[in-house]
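Notes for the one structure printed next.
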Amino acid sequence: MDTLLILLQSLDGASIAKAAIAIGAGIVVIGAGLGIGKIGESALKSIARQPEASGDIRSNMIVSAALIEGVAFFALILLIVALFV
Amino acid sequence: MDTLLILLQSLDGASIAKAAIAIGAGIVVIGAGLGIGKIGESALKSIARQPEASGDIRSNMIVSAALIEGVAFFALILLIVALFV
Amino acid sequence: MDTLLILLQSLDGASIAKAAIAIGAGIVVIGAGLGIGKIGESALKSIARQPEASGDIRSNMIVSAALIEGVAFFALILLIVALFV
Amino acid sequence: MDTLLILLQSLDGASIAKAAIAIGAGIVVIGAGLGIGKIGESALKSIARQPEASGDIRSNMIVSAALIEGVAFFALILLIVALFV
Amino acid sequence: MDTLLILLQSLDGASIAKAAIAIGAGIVVIGAGLGIGKIGESALKSIARQPEASGDIRSNMIVSAALIEGVAFFALILLIVALFV
């Protein structure tokens, strides 16, 4: 028996980078999900406790969630840039 | 049996760096999400308890969340710089 | 059996350093987020409990959060220095 | 069996050190964030409970937070020294 | 069996040591932050409960926090010595 196994493993770095960008995008969403989820959760509980303060709570919920949204979008744009650079 | 295994692994360093930048961007968002999420959560619960203090709570929420937002954006800009350097 | 394993791993150190800087920036934001988040959270809950002490609470919140902000920015500047050195 | 393993790993030590300095800076901020965050949190809650003791609480908050700030900055300066040595 | 292993690994020990010093500095700050943070937290809560005992609480807070501060600074100085030796 004479086996000739030539394994050319061309695992180039560009693919590793692309893989990590995909993982990174997932981590971004975990971060944003935890943060905005916490805010949304307490918004709903708070409206349930004080239905008359519903307008105030809604506007504050949007402001604080938008701050997390901003960081998350900026990180995702960074990932898109990293994809092409 | 005669096995000839040629393994050419061309994993270059620049891709490892790019990969870590992508993961780092995700970690930044987790940090910002946890921090701003905590602040936003307590803002909404506090407004539900004291609807008349809503203006005070909102301005303080924005000030403290902006501090985290500042660090997070500075870190993301550092990552963009690291991407091109 | 005749195994010829040629492994050419060209992983240079500068990229490892850049990778760690990216991860480090993420860890900095987690630290700042946890700290300032805790301070902001209690500031808002405290204002809800004692709306008349709102001015005192705000100034103390900014002082203590600024201390964390200072360490975090100093660490990020250290990372930028490490990027170019 | 005839194994020819050629491993060209050009991972120099200076980069490993730089990598650890970056991670270390992140850990420093986590330490300072946890500590000052805890102090700031209790300062604000205490002011809400005893608004008349506000001056005392503020001065003590600054003293104890400054102790952590001192250790954190000293550690960051140590890291900068380590970067150039 | 005929193994020819050519390993060009230029990872010198001095860099590994420097890396560990950097991580160690971060761990020192976590330790000091947790400890002094806990002391400061309870000092401030105690002043809020017993404002008339404020002087006593402050002096004891400084004594106990200074003990942690002392150990932390001594450890950081040890790390600086280790950096140059």
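Each residue, glycine too, has its Cβ placed from N, Cα and C.
Sequence annotations record features per position, and here TrEMBL assigns transmembrane segment to C:20-40 (among others). The list of residues near the transmembrane segment (C:20-40) in space but at least 6 beyond its ends in sequence, with Cβ under 8 angstroms from a Cβ of it, reads 61, 64-65, 68-69, 71-72, 75-76, 79, 82-83.
Per TrEMBL, domain 'V-ATPase proteolipid subunit C-like' is recorded for C:20-80. Per-class residue totals from DSSP over the domain 'V-ATPase proteolipid subunit C-like' (C:20-80), listed helix then strand then coil: 60 helix, 0 strand, 1 coil.
The feature transmembrane segment is assigned by TrEMBL to C:61-84 (among others).
The site 'Reversibly protonated during proton transport' annotation in TrEMBL covers C:Glu69. For C:Glu69 (site 'Reversibly protonated during proton transport'), the same-chain residues 6+ apart in sequence whose C-beta sits under 8 angstroms from its C-beta are C:Ala32, C:Ile36.
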In this predicted model, the domain 'V-ATPase proteolipid subunit C-like' (C:20-80) has a mean pLDDT of 92
